[in-house]
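A short worksheet on the structure shown next.
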Amino acid sequence: MVRAKRKLDHIEYALSTGQSRTHGFHDIDFVHQSLPNSSYETITCETKIGELSLSSPIFINAMTGGGGEKTLHINEQLAYVAKHHNLAMAVGSQMAALKDESEAASYKIIRKVNPNGIFFANLGSEATVEQAERAVDMVEANALQIHLNVIQELTMPEGDRDFTGVLQRIEKIVLNSKVPVIVKEVGFGMSKETMQQLASVGVTAIDIGGQGGTNFAAVENERRQRMLSYFNNWGIQTATSIIEATSTNNNLSFIASGGIQTALDVAKAIALGANTTAFAGYFLRILMEDGIEKLVDEIDLLHTDLKFIMTALGAKTIEELQSVPLVIKGETYHWLTQRGIDTTHYSRR
C-alpha cells in the first residue's frame, strides 16, 4: 500500500512541480542550409536502438504503473497512443507488481491494448536476475530498462541509502537477459565515465535521462518534512549529457530524454548523437490536462515539424540528421571545455 501511494504521489507532484530546469538545447544552433537539396515528401524517420528497429525517433518513456486503477488507466491510454502512432513505450518501475501481484494488471494492460507493440519493461538497479526475467515476462517486453536514480532515492523519505554493487548487478542482468538491456537515468544525466563503466559490463543502450525534465528531487522533496533543496538543481543537462555520451567512442546506442518537448529539441538531440528521443512528463501533462485526442494530435505535429526541420537541414534520414553541422555555445560549451571534450567537429562536419 505504501508503494502504491508513492506511485500516485509521483504523478501528482510530477505534474505540480513541472519541468522548470533547463535542458541546454538553447546552446545548440544549427548551421543554416540555403541549398538543402531535399524534399519533405521523401524524409524518413526510422531509427534503431541496438538491434531494435523503430518507426519513429520519438517514444513514450517510463511513467507509471503499480498504483491501482489510476495508473492502469494512464498506461491503457498511453498504450493506445503508442499503437495509434506505432511508437515504442516503456512502463514505470514494475517492482510494485513483483511485490504485490494485484498490481500486475496496471502493467499488463499495455499488451491487451497493443498486442504487437514494442514495449520496454522497467526495474531499478536493485533488481535481481530473477526479478528482471519476471518483469520482462509480465509485459512480454522487447527490451528491459534498468533505471539509475541515486538522487531520487536519497531525497525519497523511505528511499535506498546503499548503492554498492550496482554495476555488478547490472552485469549479471545483461549476461542473463533474453532481451536487450537499456540503462537509464531519471533526470540527472550521465557522465562519460558512467557510460564507459556500463559499456565495460556489456550494456549496449543508454538513456541519458538528462536534467531538464521531470525533477524527481523536487518531487520527493514535496513528500519530505525537511527538504533536501540542494538536490533540486543537481545533475547534468540533457544536451551536455548527450555530448558526453558520444565522446566515449563506444559502440552504444543513445536515447535522449530529459525535458524534450518540441520537434526542434528532438532534431537537436539527434544531431548531437542520439539515436532516438523519449518523452514522459510532457506527454503525461497533455494526457491528464487535455485528454488522449490532444496527445494524439500533438504527436502528429511533432512528426510533421521534425520532417520540416530535417527538410530545412537537407537531412533525408535520421542517420543524415546525426551528421548535420551545428554550433555549441554558452554554458554547454563551457562545461564541455572544462571536461576536455572537443566540440569543433560538430561545426565542421
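Residue positions begin at 1 at the first shown residue.
Glycine is no exception: its Cβ is also placed from the backbone N, Cα and C atoms.
The substrate binding site feature in Swiss-Prot is assigned to R6, K7, Q152; the stated evidence is sequence analysis. In this structure, Q152 (substrate binding site) is part of a helix by DSSP.
Just so you know, the Cβ of G259 (FMN binding site) picks up 27 other Cβ atoms within 10 Å once every protein chain is counted. Marked as FMN binding site by Swiss-Prot: A62, M63, T64, S93, N122, K184, T214, G258, G259, A280, G281.
Within 10 Å of the C-beta of E153 (Mg(2+) binding site) there are 20 other C-beta atoms, taking all protein chains into account. Annotation comment: Swiss-Prot describes E153 as Mg(2+) binding site.
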Separation of alpha carbons, E153 (Mg(2+) binding site) and G259 (FMN binding site) (Å): 20
Inter-residue C-alpha distance, T64 (FMN binding site) and Q152 (substrate binding site) (nearest angstrom): 15
Helix, strand or coil at G281 (FMN binding site) [DSSP, three-state]: helix
Candidates A62, N122, T214, G281 (binding-site residues) - the one closest to Q152 (substrate binding site) by CA: T214
Whole-number Å value for how far E153 (Mg(2+) binding site) lies from G281 (FMN binding site) (Cα to Cα): 19
Which of N122, Q152, all binding-site residues, has a Cβ with the fewest other Cβ atoms inside 10 Å: Q152
Coarse DSSP state, helix versus strand versus coil, of T64 (FMN binding site): coil
